[in-house]
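Now, the feature entries from TrEMBL:
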type: TRANSMEM; residues: B:64-86; note: transmembrane segment
type: TRANSMEM; residues: B:92-113; note: transmembrane segment
type: TRANSMEM; residues: B:134-156; note: transmembrane segment
type: TRANSMEM; residues: B:168-189; note: transmembrane segment
type: TRANSMEM; residues: B:196-215; note: transmembrane segment
type: TRANSMEM; residues: B:227-245; note: transmembrane segment
């Protein structure tokens with residue numbers, strides 16, 4: 001299997017095969033990230049496609065600085081942050097729909113997914129994206145700092161605050177369940 | 001107790017986050033993305049070789065013949081007529097020097113100056129690389145200009161039995177100097193901009209200088225300058241032209257070699 005650098009070189013020369021290989025390699029990761037941020041499959045598909053289009057447009061001037069996937073995450077992060085507010089309203093409607101279908105479905109796993117999504121949605125978008133990159137994409141604080149354009153200290157602070165907020169939400173939920 | 005509770009919450013957070021599953025049936029969307037991205041792929045450059053450059057030079061010569069045949073024929077007739085009419089060897093020398101770059105101007109103007117933006121775009125879409133086409137045209141033009149310099153030289157040989165080898169050498173050197181200088185200058189000009197006015201202005205300045213040199217002492221001074229000086233000018237400008245052409249060709253060959261490896 002060719003490494004990213006070789007694939008990029010070939011894409012710059014117009015190789016369709018290399019482009020497909022690169023998409024195969026990173027589509028899932030980028031889609032998972034955009035989905036977890038935006039919360040809707042359709043929006044995530046669109047955002048992922050936009051990320052790859054932006055990648056193709058920027059490839060001629062791309063210069064190797066660290067991992068290629070980090071650069072892709074940077075594009076994805078910026079795109080998601082731009083689209084986030086726009087889609088927030090639409091997303092809340094969607095979650096309601098999903099909750100309804102989850103109760104109808106009686107699928108425990110699906111209900112858990114919805115709960116996880118809800119839980120992450122209680123966080124501000126910057127904390128949410130930091131937590132997602134750390135937890136689901138196994139990135140280091142340094143890599144996250146580079147992707148999100150902040151310092152390592154800020155990343156650590158966001159992770160801490162994000163987790164604190166999750167703890168608080170879970171505790172409150174447990175309290176309510178006990179009361180109920 | 002508090003620590004235990006915290007641990008339980010941590011585990012719960014992990015369990016909840018782990019339970020966040022995503023539908024992985026992405027194949028259809030992935031294919032769609034791939035087909036969209038195809039439109040953003042750069043046009044693939046064909047594999048270049050020396051053979052293709054030769055073919056391109058041949059094509060450029062054909063194009064030159066088609067586009068400039070009338071202008072070059074007129075120029076040739078005037079040149080031969082002047083060579084026959086002029087008696088003074090000094091004037092023949094000077095005439096040869098000042099007319100030597102004229103085929104260059106004609107060909108550069110016909111092949112590059114008349115092109116507009118749309119024509120350049122069309123060239124980009126041609127099967128060969130734009131740089132290769134440019135290279136082959138410049139080589140063809142310089143070749144034509146050098147060919148024209150041989151005509152007065154042959155005329156010297158045929159008519160003047162008293163012409164010595166040293167004089168013939170000097171004649172060729174004097175004729176080649178403006179060709180090399182103007183080739184370099186026009187090459188730089190068309191690389192930077194294809195402005196016809198700049199070419200025309202350069203040509204007019206040169207002709208003005210030529211006429212003034214013919215009617216004053218400047219011409220004699222030019223002929224009497226040591227031939228080594230002209231030889232140095234030719235060598236320097238030829239090296240510069242080669243480097244410039246090499247740079248032009250390497251623009252896409254570098255990438256291509258990496259790709260081929």
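The backbone N, Cα and C atoms fix where each Cβ goes, glycine too.
Bear in mind that TrEMBL entries carry predicted annotations, made automatically and left uncurated.
Taking residue pairs at least 6 apart in sequence, the transmembrane segment (B:64-86) and the transmembrane segment (B:168-189) share fewer than three C-beta contacts under 8 angstroms. Listed as Cβ neighbours of the transmembrane segment (B:196-215) (distance under 8 Å, sequence separation of 6 or more from its ends, same chain) are residues 91, 94-95, 97-98, 101-102, 105, 108-109, 113-114, 178, 182, 185-186, 189, 222. Most Cβ pairs under 8 Å with the transmembrane segment (B:227-245) belong to B:134-156, among the candidate stretches B:64-86, B:92-113, B:134-156.
The list of residues near the transmembrane segment (B:92-113) in space but at least 6 beyond its ends in sequence, with Cβ under 8 angstroms from a Cβ of it, reads 60, 63-64, 67-68, 71-72, 75, 79, 82-83, 86, 137, 140-142, 144-145, 148-149, 152, 156, 171, 174-179, 181-183, 186, 190, 194-196, 199-200, 202-203, 206-207, 209-210, 213-214, 219, 222-223.
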